[in-house]
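Heads up, the thing below is written out as structure tokens.
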Amino acid sequence: MRETLEALNSLGFSVGQPEMAPQSEPRDGFSNAQEKMSSRGESTLHSCSGHETPGQKEGIHTEQAEAPCMGSQASTPQKAEPAGSVPGEEWMIRKVKVEDEDQEAEEEVEWPQHLSFLPSPFPTPDLGQLAVTYKLEPGTPGALGGIALSGWAPIPEKPYGCEECERRFRDQLTLRLHQRLHRGEGPCACPDCGRSFTQRAHMLLHQRSHRGERPFPCSECDKRFSKKAHLTRHLRTHTGERPYPCAECGKRFSQKIHLGSHQKTHTGERPFPCTECEKRFRKKTHLIRHQRIHTGERPYQCTQCTRSFTHKQHLVRHQRVHDAASRTRSSPDIPVAPHSPTASLTPSPPGPKPFACSHCGQSFGWKKNLATHQSLHLTEGRPFGCDECALGTNVDPAAEPSACTPHAPDCGPGSGPAAPQRTTSSERSFFCPDCGRGFAHGQHLARHRRVHTGERPFACAQCGRRFGSRPNLVAHSRAHSGARPFACAQCGRRFSRKSHLGRHQAVHTGSRPHACAVCARCFSSKTNLVRHQAIHTGSRPFSCPQCAKSFSRKTHLVRHQRIHGDAALPAPASNLSAPAWSNPSEVVPPPIFF
């Protein structure tokens with residue numbers, strides 16, 4: 001400061017020198033400020049109008065603001081707050097780390113007002129940068145530079161987000177380093193696979209996957225992990241800890257990434273669109289899995305047969321068929337039917353089995369194994385059991401040999417011999433306890449059970465009609481929208497359902513794969529075959545509720561019911577006179593030809 005004033009005087013500017021303070025006081029205001037900083041705020045700058053130094057303001061004392069100035073008398077140092085301070089300023093002084101006491105002492109002295117056109121040697125601190133550095137939050141006591149801290153906006157913990165992925169960072173430098181990974185410009189690259197990393201430590205951790213190192217074992221089971229964070233995350237499966245709750249519905253999750261994916265269900269956000277169709281997805285993995293429908297890719301292939309799958313869980317479910325067959329070959333004395341419900345049970349993990357059956361008390365390590373086991377209890381009260389599995393039926397096989405069973409999957413109740421099906425009996429692990437029909441997937445069984453219960457959980461928003469499955473609802477909604485997405489490649493005719501297109505294509509190919517077992521007549525669709533078989537069996541399942549007359553086809557019943565209705569049959573489009581009878585009940589229906 002002294003050198004600056006001397007330089008100004010040499011340039012021709014008139015700047016007064018600081019007056020000498022009395023003997024009891026420090027020699028000048030600058031030394032006084034320096035002693036104040038060295039004593040950590042025990043005394044403040046003493047000044048008054050009587051002996052004011054140039055550039056200093058009045059009313060700055062070592063005592064309280066209301067104490068009178070004692071002039072040249074020595075005053076006892078007291079710990080007092082500076083004038084104009086508010087509660088919390090002392091907290092701010094404690095928060096800021098003092099690196100240069102001399103520089104802070106000089107900042108106490110203001111630049112002379114008549115030299116305001118010159119740059120000040122005491123730069124004003126950037127309050128916004130100071131707020132970012134020390135993360136001042138709303139409600140912080142005190143003020144800084146005349147600005148109330150309670151008015152400052154909160155600063156996000158990680159304000160910088162990556163546009164390529166969903167990760168966020170605290171500063172721009174870390175964000176730029178991360179973005180180099182998307183461009184393949186990481187400073188540390190793995191010599192084995194070429195993957196880039198921002199830090200060498202991350203690359204060394206990654207190399208454990210190539211060497212197969214898993215130094216972190218689980219104390220509850222036999223699993224091992226390459227990172228401690230993965231072990232910590234895995235231990236939550238044993239402890240049941242879910243530390244990440246959803247603020248909207250209260251549902252808790254064991255991983256933060258699962259919480260982020262779940263929160264998109266509340267916001268409706270689907271940031272990943274498909275380039276082939278209009279579908280959007282919440283996760284990138286779901287988009288990749290969906291795109292296999294367009295590309296036809298099936299990356300998961302069975303090692304025991306030639307079948308391949310689009311999803312890994314489909315491959316795991318398919319491999320149960322081979323596992324059941326291998327158990328049968330290894331233990332010929334104890335046959336295990338692959339279509340038995342117990343054949344689909346997943347081996348329980350080592351350790352406790354928390355899922356117990358309420359009927360027999362048997363415990364299981366997986367909840368799905370308990371659900372499969374409980375289906376056995378649903379067969380109670382069915383007196384006619386099966387000799388090969390634990391399923392039962394209400395129908396006596398001796399009295400009705402045509403009753404369909406899981407071990408005769410090629411027949412259907414009341415439908416005669418059916419065509420060969422794509423799913424073999426060895427792949428049917430889920431069976432209906434009501435009719436015994438087998439399914440390859442559990443969700444197919446759940447959808448089939450709605451036929452027996454009459455449940456129709458899917459309602460049309462336009463007409464209110466309800467359906468037992470979502471695909472049926474989607475197909476029905478095309479009747480309102482008029483959409484016909486399935487076009488015939490031969491004639492261009494379009495259909496609302498894929499099954500209707502397949503039935504129509506038989507017209508061009510002349511294919512009639514469904515043959516009648518009685519008269520050997522062939523049909524292009526199974527529905528036509530079932531309708532034809534009513535001639536041989538004499539079945540008339542559609543009866544009129546008013547006259548008890550029965551019909552083999554529903555269309556014949558609808559046409560018959562017009563007789564009982566108020567509206568007469570539509571008149572023929574000709575110039576012939578109307579019939580002689582006038583009573584609608586005397587109308588004779590046209591003959592029916594089979």
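Including glycine, each Cβ sits where the backbone N, Cα and C put it.
Record features (Swiss-Prot):
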REGION    1-183  region 'Interaction with STAT3'
REGION    1-86  region 'Disordered'
COMPBIAS  31-47  compositional bias 'Polar residues'
COMPBIAS  54-64  compositional bias 'Basic and acidic residues'
CROSSLNK  Lys97  SUMO2 cross-link
ZN_FING   160-182  zinc finger
ZN_FING   188-210  zinc finger
ZN_FING   216-238  zinc finger
ZN_FING   244-266  zinc finger
ZN_FING   272-294  zinc finger
ZN_FING   300-322  zinc finger
REGION    313-351  region 'Disordered'
ZN_FING   355-377  zinc finger
CROSSLNK  Lys368  SUMO2 cross-link
ZN_FING   430-452  zinc finger
ZN_FING   458-480  zinc finger
ZN_FING   486-508  zinc finger
ZN_FING   514-536  zinc finger
ZN_FING   542-564  zinc finger
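Note on Lys368 (SUMO2 cross-link): other Cβ atoms within 10 Å of its Cβ, all shown chains, come to 13. Taken together, the residues of the zinc finger (430-452) have an average pLDDT of 83. Residues 447, 450-451, 496-497 of the same chain lie 6 or more positions beyond the ends of the zinc finger (458-480) yet place their CB under 8 Å from a CB of it. Mapped onto three states, the DSSP output places Lys368 (SUMO2 cross-link) in helix.
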